[in-house]
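Copied over from TrEMBL:
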type	residues	note
COMPBIAS	491-502	compositional bias 'Low complexity'
DOMAIN	18-463	domain 'Major facilitator superfamily (MFS) profile'
REGION	462-508	region 'Disordered'
TRANSMEM	12-36	transmembrane segment
TRANSMEM	56-75	transmembrane segment
TRANSMEM	84-102	transmembrane segment
TRANSMEM	114-134	transmembrane segment
TRANSMEM	141-160	transmembrane segment
TRANSMEM	172-190	transmembrane segment
TRANSMEM	202-222	transmembrane segment
TRANSMEM	228-251	transmembrane segment
TRANSMEM	271-290	transmembrane segment
TRANSMEM	310-328	transmembrane segment
TRANSMEM	335-355	transmembrane segment
TRANSMEM	440-458	transmembrane segment
Amino acid sequence: MPQHGTRQSARGGSAAWALVITSVAGFMAALDNLVVTTALPSIREDLGGALHDLEWTVSAYTLTFAVLLMFGAALGDRFGRRRLFVVGITVFTAASAAAAMAPGIDSLIAARAVQGVGAAIMMPLTLTLLTAAVPAERRGMAYGIWGAVNGLAVASGPLVGGSLTEHISWQWIFWLNVPLGLALLPLARLRLAESHGTGAPLDIPGTLLASGGLFGVVYGLVRGPVDGWTGSVVLTALFAGVALLVGFVLYSTRAKNPMLPMRLFRSRAFAGVNAASLLMFLGMFGSIFLLSQYMQGVLGYSPTEAGLRMLPWTGMPMLVAPIAGILSDRIGGRPVVAAGLFLQAAGLGYLASVITADASYAIQLPGLIISGVGMALYFAPASALVMSSVAAKEQGIASGANNALREVGGALGIAVMSSIFAAQGGYASAQTFVDGLRPAVAVGAAMVALGGVAALAIPARRRTGGQGPTTAPKTDAASEPASEPVDEPAPELAPEPALAPTAPTPRH
């Protein structure tokens, strides 16, 4: 009996350490999605650079993060999850230091791209390592804490970035990661157990096709306003990018072990929620990128004040997500997700209509609150829809695909909306900034509204004899991806933090 108690105590200690280590790592990766936004005016003043350079300081991170997210998980399965987790932390921490010491805008962009590589290796392994360390009966609580910490990172990103930029310097938004990363390295080696997955073949061709295609499209969109849309470099980048992405789809349709199995998109639910996710992040990321600069460069708020004023939007999911989960359980995820996206679109549309060179915060606040409520209604039900739309054995792949498409949407959103901003306005004066901002945010609102339409294409919840929703199938039906109505309760998962991965059922 004493020995049994000792083993239980040791396991409990291991679980606690795993929760701390993986939550802090997830916090770092999630924070760096938006922490840069309120520092952009200071970075531009210090390092120089035009609008397209500022776009790359954000997009370089989100693009590499998106493309390599599923590849990072596969590397961990094959070579050891703890080992690759340590590699990811090392790369992320070193790149953060390089970003902090960047002497110019180009070196900052390069460091941000490497940061994304580290995050893509580190982030998907946080949940597999956490699951391996926590007993099954306590995983729901562990996932909840992990999700809350990541949600806090997203909500506080603009505020943390603004506060550090104003009171110390913008470099400290990157230096912040260094002591955290250095502390995690020995803890991960000492406190996490090694584990491996199935060791399926790595999809290197698929990764290269997706990486090249996305880079080509984003590069063409970023350079279009600068070099002209008919310039040879822009056209070559766009056509090559589209061709590579088409090649990726064709390859993934026929490959034996593709990074992203195209058969999953036969499910209307999976296809609908992923289309909605991509469009939601396209409109949201691009809007945050421009509005954070508007608050500082046009309205004259300090970085900290700008971060605080973004909280009704970025922080709302922390308050409303539990209500969204309850609504989803009662009426199904489809109407909640669709309502959330239409509210987000309405909020952005309102902001586009009231933005002026001297607009008061009181005028903007309703749009920020409506957008925040819409964002909150989207996240948790969307996560459940993704997980319930596929067989249990494919939930890890489905989760990774959804997270990758969200990051892709973010990168495309910044590129598309910045192109509109540059074509209609610019940085020359407060009025020219507003002239470009209003149509850009209006397009962002339209993209999110299209996401709402995509959400309506998700099949409705099945009902049996008026007794309410059925439960997700767990027997023979789970052997194939769902292709018919699946708007049903998903497995007990972590609350969905904005911009952070959903909690998959990890492979062992």
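Just so it is clear, glycine is given a Cβ too, placed from its N, Cα and C backbone atoms.
Curation plays no part in TrEMBL annotations; they are all automatic predictions.
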Could you pull out which residues elsewhere in the chain have a CB under 8 Å from any CB of the transmembrane segment (84-102), counting only those six or more residues past its ends?
25, 28-29, 32, 47, 72, 75-76, 108, 110-112, 114-115, 117-123, 125-126, 129, 171-172, 174-178, 180-182, 184-185, 188-189, 192
Is it the case that the transmembrane segment (114-134) and the transmembrane segment (440-458) touch, counting contact as three or more CB pairs under 8 Å in which the residues of each pair are 6 or more positions apart?
no
Answer yes if the transmembrane segment (440-458) and the transmembrane segment (310-328) have at least three CB pairs under 8 Å among residue pairs 6 or more apart in sequence, and no otherwise.
no
Counting Cβ pairs under 8 Å that are 6 or more apart in sequence, does the total for the transmembrane segment (56-75) and the transmembrane segment (172-190) reach three or more?
no
Need one number: mean pLDDT over the domain 'Major facilitator superfamily (MFS) profile' (18-463).
84
Under 8 Å between C-beta atoms and at least six residues away from its ends: which parts of the chain pack against the transmembrane segment (335-355)?
273, 276, 279-280, 283-284, 287, 291, 294, 313, 324, 327-328, 363-364, 366-379, 381-382, 385, 434, 437-439, 441-442, 444-446, 448-449, 451-452, 455-456, 458
